Amino acid sequence: MDTQAFKQTLHKSDRYNRRGFGSANKRAQALAEAYQSGLIGSIRENGNLLEHGRLKVKLAEAFGFCWGVERSVAMAYETRKHYPNERIWITNEIIHNPSVNDHLRKMNVLFISEEKGVKDFSVVKDGDVVILPAFGATVQDMKLLHDRGCHIIDTTCPWVSKVWHTVEKHKKHTFTSIIHGKYKHEETLATSSFAGTYLVLFDLEEANYVSDYILGKGNREDFLKRFSKASSAGFDPDKDLQKVGVANQTTMLKSETEEIGRLFEKTMLQRFGPAQLNEHFLAINTICDATEERQGAMFSLVDEPLDLMVVIGGFNSSNTTHLQEIAISRGIRSFHIDTPERIGEETNTITHMPLEGGELLTEENFLQNGNISVGITSGASTPDRVVEDVIHKLMKIGENF
C-alpha cells in the first residue's frame, strides 16, 4: 500500500478529524477538572518536596501526563460530547492507564475486543464513530475503518506520527527500518505498518546480534528464527541489512535508542567505509521530548538519597517500565504500581509488578521504621490526582506504623 497516498486521502475526508472539536483552553479546563491535583501543585511549588512526620516525599522534576497524552484524552472526552447519541468505539486503550480507560467506559465508549492480536472490527458499522488512541493504529486498520464509512477521530500523538514519517522516508529510499521497540506494542505495530522492510529490536543485546550478522559473524537460520515475529514478511538478512535507518517506539529508554543508533552507524562504517556511509545508514532523531524529559528527571531523582521509590503507571506502559528500570539499575528498593489501591494503608503493604513482569508480588513492612525518604514518579499516562492518592496513603502509613 502507498501509505502516504492513503494518508492524504484520509486527511481530506470529511469523516476524519485530528484537530478536536473545541479550543485548547476548553480542553485544558476539562482535564484540570478531571485529573489535576492541588496537593501536587503545592509540592511542586515547594521544590518537589513534602515532609509529613517521619515521611519525606520527593517528586521527580517532570512526571505524569505529557502534552501528547493530554491532547489524546481531551479529544476522546470531546468526542462523546460532540456525538452524544452515536455509538463510539476505540481501537485500543486510549492510554495505558486503568482509571482513564475506566472513565471512558463509564461514558459509554466501547472498546474493540482483540484475541490473539486480531481486533474484531465486525462490530463496527457504517456511520459509527471510532477513536484512534494516542499510540495510533495500523494503516490497515485505518483503511478498513475509512472504507466502512466510519467517522474517525485520530488522537495519535504527533511524536508517534513523526516516527511514521521517518520510516516512510526509509521506505522511499529503500532503507530497512531498524525499530527500537517491543514488536507486540500497539505503537510499534502501527509504526511498522507504515514501514517497508523493517526489523524490530528490543534492546542493545539484540542490536549487537544484528550488528555481528552484518559484519559476517552470524548464522542465517538462527537469525530468521530469532526475529520471525519481529520483522517484515519475507525479511532476508543478507539482502535487507545492506541499507538501514534507525527509528524507535517513542517510549523506549532514550539512552539505549541513542546507543543503538551509534552502534549501527559504526557497523555500517566498518562494513562499507566512510565514503559510502551515507548510502548505507540514515540517522534521524525520533526520540520524544516528553520521554527524554521524564527519563532525565528520573536519573536526577535517583541520584538523591532515597530509601525507596514508587513508580506509578499502567503495568503495560512501556515508558513507566523504563522509569522503574532506572531506579532498579541504581540498586534502589523500587515498586511499580498501577493504582493507589495497590497500597494497603491499614497493613503497611504494597502489591507491585516486578521489573521482569509475571505475577504481582506483595511486600510486607513496606514503609520501614524511622525517618524515611520516598521518591515518586509516574508514567506519561498517569494523572496527578492518582499520584496525590498514592501520597495520601503513604502519609497514613507514616502516621500509623
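Backbone N, Cα and C atoms are what each Cβ position is placed from, and that goes for glycine too.
If you look up Swiss-Prot, you'll see GLU187 marked as active site, proton donor. Cβ neighbours of GLU187 (active site, proton donor) (same chain, under 8 Å, six or more residues apart in sequence): PHE135, GLY136, VAL160, GLY181, GLN249, THR250, THR251, SER318. In the three-state DSSP scheme, GLU187 (active site, proton donor) is classed as helix.
Cβ neighbour count for CYS288 ([4Fe-4S] cluster binding site) (all protein chains, 10 Å cutoff from its Cβ): 25. Secondary structure at CYS288 ([4Fe-4S] cluster binding site), taken from DSSP and collapsed to helix, strand or coil, is coil. Marked as [4Fe-4S] cluster binding site by Swiss-Prot: CYS66, CYS157, CYS288.
Marked as dimethylallyl diphosphate binding site by Swiss-Prot on the basis of sequence analysis: HIS96, HIS185, SER317, SER318, ASN319, SER381.
If you look up Swiss-Prot, you'll see HIS96, HIS185, THR250, SER317, SER318, ASN319, SER381 marked as (2E)-4-hydroxy-3-methylbut-2-enyl diphosphate binding site, on the strength of sequence analysis. Under the three-state DSSP scheme, SER381 (dimethylallyl diphosphate binding site) falls in the coil class. Taking the Cβ of SER381 (dimethylallyl diphosphate binding site) as reference, residues of its chain lying under 8 Å away and at least six apart in sequence are, in sequence order, PHE65, VAL69, ILE95, HIS96, ASN97, VAL100, ALA134, GLY313, GLY314, SER317, ASN319, THR320.
Using a 10 Å Cβ-Cβ cutoff, HIS96 (dimethylallyl diphosphate binding site) registers 29 neighbours. Taken residue by residue with DSSP, HIS96 (dimethylallyl diphosphate binding site) is part of neither helix nor strand, so it is coil. Swiss-Prot lists HIS96, HIS185, SER317, SER318, ASN319, SER381 with the feature isopentenyl diphosphate binding site.
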Non-site residues, in chain order, whose CB comes within 8 A of the mean position of the CB atoms of CYS66, CYS157, CYS288 at [4Fe-4S] cluster: TRP67, GLY68, VAL69, ALA134, PRO158, TRP159, VAL160, THR250, THR251, ASP289, ALA290, THR291, ALA380
Other same-chain residues whose Cβ falls within 8 Å of the Cβ centroid of HIS96, HIS185, SER317, SER318, ASN319, SER381, the recorded isopentenyl diphosphate site, in sequence order: ILE95, THR251, GLY313, GLY314, ASN316, THR320, THR321, GLY379, ALA380
Secondary structure at THR250 ((2E)-4-hydroxy-3-methylbut-2-enyl diphosphate binding site), reduced by DSSP to three states: coil
Cβ contacts of CYS66 ([4Fe-4S] cluster binding site) (under 8 Å, same chain, 6 or more positions away): CYS288, ALA290, THR291, ARG294, ALA380
Residue pair CYS157 ([4Fe-4S] cluster binding site), HIS185 (dimethylallyl diphosphate binding site) - Cα distance, angstrom, rounded: 15
